[in-house]
Protein chains: 2
Amino acid sequence: MKTIRVSIIGFGAVGQGVARVLIDKKEYLEKLGLDFRVVAVADSRTATINENGVDLSAVLVRKQSEGVVGSEKLTGLEIIETIDHDLIVETTPTNIVTGGVGLQNMLAAFKHGRDVVTSNKGPLAMKYGELIEVAKAGGSRFRFEATVGGAMPVLNLANDVLAGNTITNVEGIFNGTCNYILTRMMEEHAPYEQMLAEAQELGYAETDPTYDVEGIDTACKLVILANCVFGMNATHEDVTITGITKITPEALLLAQNEGYVIKLIGEVNDSRINVAPKLVPIDHPLAVGGSLNVASVQTDLSGPITVTGRGAGSIETASAILSDMISIYRD
Amino acid sequence: MKTIRVSIIGFGAVGQGVARVLIDKKEYLEKLGLDFRVVAVADSRTATINENGVDLSAVLVRKQSEGVVGSEKLTGLEIIETIDHDLIVETTPTNIVTGGVGLQNMLAAFKHGRDVVTSNKGPLAMKYGELIEVAKAGGSRFRFEATVGGAMPVLNLANDVLAGNTITNVEGIFNGTCNYILTRMMEEHAPYEQMLAEAQELGYAETDPTYDVEGIDTACKLVILANCVFGMNATHEDVTITGITKITPEALLLAQNEGYVIKLIGEVNDSRINVAPKLVPIDHPLAVGGSLNVASVQTDLSGPITVTGRGAGSIETASAILSDMISIYRD
């Protein structure tokens with residue numbers, strides 16, 4: 001049995017999802033020879049630390065009832081710098097302007113030779129090159145499948161499963177909120193504002209939906225794909241972006257009558273990174289409904305490979321984090 | 001640079017595809033630190049051997065012009081047993097009754113501690129348990145992504161990328177010939193026999209199409225999935241099979257009017273392995289047209305993950321073999 005000492009830094013929906021998954025999958029992981037021992041958990045205000053293993057069930061209960069994970073006043077950064085452990089699960093809120101606390105956490109982790117698995121897009125969309133360089137210098141492993149498309153495994157598909165292929169283009173739907181709103185606008189012939197309100201009620205959209213509906217979230221994911229799959233050194237300023245707020249039910253109906261749907265499509269290849277609403281034939285693999293995400297990877301040998309999955313959700317995102325954790329430490 | 005000494009045993013469409021891909025990807029593979037040196041190539045009648053590396057371009061030309069790969073009379077089995085090398089690419093014609101020469105080749109390879117990558121379904125559909133056991137005993141690596149769905153990467157997706165998930169069900173279209181015939185019958189409102197003839201003319205169907213249209217090919221792939229993903233010890237006798245020969249254009253039209261297509265769906269879970277034509281809603285991820293393959297993997301954490309790709313083709317199948325080769329030897 002290999003024991004990996006883990007900290008979970010950031011304990012919102014995704015961090016809590018990781019805790020739940022580690023509890024539920026304990027036996028499964030032991031069969032793989034892996035004992036992920038969580039020695040520290042931090043949220044934005046408090047921390048809990050136990051070198052023999054934090055009681056994750058108790059932490060989840062406390063977070064639900066008291067809104068905090070513990071009584072200690074250490075920050076995530078202090079944990080990363082002072083507690084002896086192997087892997088940081090970085091799940092703090094994303095910040096796409098500065099990279100935020102997540103960027104500091106990841107850089108500190110690498111400087112201390114620790115591995116990082118994250119769902120935090122901001123630092124990767126802002127400072128990809130620097131992060132990869134510092135990780136390499138420290139001999140750290142760094143994986144981030146959960147940053148693009150939640151449970152839809154596009155990064156590991158492109159880089160691992162399709163090894164041997166040259167990827168020439170990636171396009172897809174990378175934002176479930178936009179897909180939900182556009183799907184519902186078409187189904188109900190209803191205006192954008194009405195379906196946005198429905199999405200907000202159901203928890204598919206934030207109170208301030210700008211980040212999703214203006215295409216910024218999609219742009220961040222494309223930047224990560226551009227850097228990770230195409231070896232660019234892009235930031236979100238390199239992306240041409242049009243959002244979905246100007247789409248009308250009339251446009252959707254016209255499209256439908258011609259056998260098309262309108263989707264917010266992100267596309268990246270070695271000459272451009274673009275987010276815009278596009279017409280997609282209704283029987284095309286990219287024409288998936290609801291809040292699904294989908295990515296079509298164009299390859300030189302295998303032709304197009306398309307993968308569809310849930311782009312968000314606490315457990316779904318945690319599952320992508322868990323796959324990365326297994327992939328690093330499994331023999 | 002790591003040098004891996006390789007034999008290609010079987011030099012039909014797939015074996016030739018592997019040779020072409022190894023020529024085209026030489027530089028790409030060197031960047032990964034991999035030198036796949038082909039020291040022997042065998043077809044059913046002849047062989048060519050060179051411990052410093054066979055000239056693959058010359059072998060391809062000779063196969064095209066003379067119908068044979070060389071002048072030596074060694075069989076594939078003799079090469080596996082007597083030539084010092086690391087990896088067998090086993091691409092002999094498949095045999096689903098006895099496992100055929102492929103089964104003997106793989107067992108011999110493992111007894112000599114060599115690794116095997118294959119596209120040859122028969123041995124895996126017949127003797128999965130024995131093959132895995134002998135491979136393990138010899139310390140050999142054994143990968144076979146190309147046996148299920150050609151370039152559609154369902155095995156490595158389920159076992160590697162989705163690690164951490166428990167797979168509860170896999171269903172999909174695993175035979176491009178049937179998908180082509182059913183898609184064209186619907187498009188043209190034409191009978192089965194006519195579209196079979198078209199598929200034969202275009203090279204999508206064999207002169208004797210039984211293996212494809214009666215669902216036997218799909219059944220073999222399901223058996224491999226059952227064994228590899230669900231840990232069963234099934235053979236193709238455990239599969240309930242209905243083919244597509246009784247589907248009429250009238251049935252397809254009725255389905256279409258209700259918003260459905262009819263597809264030959266293979267399904268496997270821990271209680272059944274089944275091949276049968278099924279109604280699929282037209283906007284469902286499994287409703288892909290043409291000769292595409294598609295697999296939907298149901299997971300406990302990530303929900304359903306669907307992958308679509310080309311199920312056949314010499315280069316597409318070779319690309320799946322190459323990905324497996326890289327996956328074994330890449331650090």
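Placed from the backbone N, Cα and C atoms, the Cβ positions cover glycine too.
TrEMBL labels come from automatic prediction, so no person has curated them.
Annotation comment: TrEMBL describes A:LYS221 as active site, proton donor. Residues or ranges marked as NADP(+) binding site in TrEMBL: A:GLY10, A:PHE11, A:GLY12, A:ALA13, A:VAL14, A:GLY15. Here TrEMBL flags A:LYS121 as NADPH binding site. According to TrEMBL, the L-homoserine binding site annotation covers A:GLU206. The domain 'Aspartate/homoserine dehydrogenase NAD-binding' annotation in TrEMBL covers A:10-145. Taken from TrEMBL, the feature domain 'Homoserine dehydrogenase catalytic' applies to A:153-326.
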NADP(+) site, defined by A:GLY10, A:PHE11, A:GLY12, A:ALA13, A:VAL14, A:GLY15: further same-chain residues with Cβ within 8 Å of the Cβ centre: A:ILE8, A:GLN16, A:GLY17, A:VAL18, A:ASP43, A:THR91, A:THR92, A:SER314
Average pLDDT across the domain 'Homoserine dehydrogenase catalytic' (A:153-326), rounded to a whole number: 94
Spatial neighbours of A:ALA13 (NADP(+) binding site) that are distant in sequence (at least 6 apart) but have CB under 8 A: A:SER314, A:THR317
Candidate binding-site residues A:GLY12, A:GLY15, A:LYS121, A:GLU206, pick with smallest Cα gap to A:LYS221 (active site, proton donor): A:LYS121
Coarse DSSP state, helix versus strand versus coil, of A:VAL14 (NADP(+) binding site): helix
Inter-residue Cα distance where the pair is the residue listed as 'L-homoserine binding site' and A:GLY12 (NADP(+) binding site), in Å: 15
Neighbour tally for A:VAL14 (NADP(+) binding site), based on other Cβ positions within 10 Å of its Cβ: 29
Three-state secondary structure, A:GLU206 (L-homoserine binding site) (per DSSP): coil
Packing count at A:LYS221 (active site, proton donor) (other Cβ atoms within 10 Å of its Cβ): 28
Rounded inter-Cα distance in Å - A:GLY15 (NADP(+) binding site), A:GLU206 (L-homoserine binding site): 19
